[in-house]
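A short worksheet on the structure shown next.
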Ligand SMILES: Nc1ncnc2c1ncn2[C@@H]1O[C@H](COP(=O)(O)OP(=O)(O)OP(=O)(O)O)[C@@H](O)[C@H]1O
Ligand SMILES: Cc1ncc(C[n+]2csc(CCOP(=O)(O)O)c2C)c(N)n1
Ligand SMILES: [Mg+2]
Ligand SMILES: [Mg+2]
Ligand SMILES: [Mg+2]
C-alpha cells in the first residue's frame, strides 16, 4: 500500500469532525490544534546527522504544521525509540534546546527500545483562535509562498557529501518553523499549509482540498542566492527545487490583489476546475514525473 492509499482508506474509518476528512495539516478541536509527524533514520535524516539536529527537525517539522494553522505551541508528546547511549544523550540535549528555542514544552510521551532503524514521533498541540484550513482557497485567489524553496533539498546533497555552503546544509538539518509568520497570516488567508513534501505536490493538495485548479509560474518561485550559486537557475534546477520538499515554508491563498502582511512571493493562482498546471514565460510546461516526496 502507498501512503496515499493508506490515508484514503483511513477516511473510511470513524473520523472526528475536527479531522476535516484528513485533508488538513492538523486536527482542529475548538481552538486547540493537534498534529503529528514521524521521522525515520535513513528516510527523513541521515544516520550521520548530529542527534541534536534530529531532535530539532522532529520538533520543527511538527511546529511547522502548527504555524500553518496560525497557532501558538502549547506542548508536545514525544514517542522515542532508544538505540545507542551516545545518540540518546545528545538527542536529549538537542531536544531541550529545541523546546526552549521554539517555546514548546513537553507534555509527555512514550519510550521503547528498538534494534531497527530509529523511528521517532512527536505530537504537537497548539492554540489558534482562527485557524485557516488547507481547503479554503477559491477561484480568483492568488497563491503565495514565504521565504525560498529548494534550499533543504540542496542541503541533503551536501549532507550526503557534496561540497556546498553551510546555509543550505542548515536548511536541511535545522528548518525554522514560521510560527510568527503563520500567526500574522492566519486572519488574512483563505487557505494555508506548510510545504513539507515539495512545492508542487503540496500546492496540488491545497487545490484538491479546495475543489479548485491551481497554476504556478515556475519563473516566479523564489530561490535563494545560495541555491542558484550551488545548483544554477535552469528549468531543471527550478523543478528540482519545487519537488525536493523539507522546505517548511508557508503556502497560502489570498483573495484578489491583497498583499500579505509578511514577506512572501506571489507564485500563481487558483481557478475553476481541478488539478495543478505549471507555466514559464507565459507558456504551459509539462509536469515532472514526480511532484514531490511520497512514501510509496
Ligand atoms: N496514520 C495516520 N493516521 C491518521 N491520520 C493520518 C495518518 N497519516 C496521515 N494522517 C492524516 O492525513 C492528513 C495528511 O497528512 P500529511 O502527513 O500528508 O500532512 P502533513 O503533516 O501536513 O504533511 P507531512 O507529513 O509531509 O509533514 C492529516 O490530516 C493527517 O492527520
Ligand atoms: C535521508 C533523507 N532522504 C530524503 C529526504 C527527503 N524527504 C524525506 S521525507 C520528506 C517529506 C516530509 O516527510 P513526511 O511526509 O513523512 O512528513 C522528504 C522531503 C530526507 N529528508 N532525508
Ligand atoms: Mg503540513
Ligand atoms: Mg505528516
Ligand atoms: Mg507535517
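Note: Cβ is positioned from N, Cα and C throughout, glycine not excepted.
Unlike curated records, TrEMBL annotations are generated automatically.
25 is the only one of 24, 25, 103, 233 that TrEMBL places in the Mg(2+) 3 site (with 65, 194).
For the substrate site, TrEMBL records 44, 293, and the single candidate of 88, 110, 246 listed with them is 246.
A 10 Å cutoff on Cβ-Cβ distances gives residue 197 (Mg(2+) 5 binding site) a total of 21 other Cβ atoms nearby, all chains included.
Look at the binding-site residues 44, 134 and count other Cβ atoms within 10 Å of each Cβ; 44 has the fewest. Secondary structure of the domain 'PurM-like N-terminal' (24-127) per DSSP, as helix, strand and coil residue counts: 34 helix, 42 strand, 28 coil. Pairwise Cα distances among 109, 110, 134, 196, which the record gives as the binders of ATP, peak at 30 Å. The Cβ of residue 65 (Mg(2+) 4 binding site) has 25, 26, 35, 37, 124, 194 as same-chain neighbours under 8 Å, each 6 or more residues away in sequence. Listed in sequence order, the residues 26, 35, 64, 66, 67, 68, 69, 193, 196 complete the 8 Å Cβ shell around the Mg(2+) 3 site centroid, once 25, 65, 194 themselves are left out.
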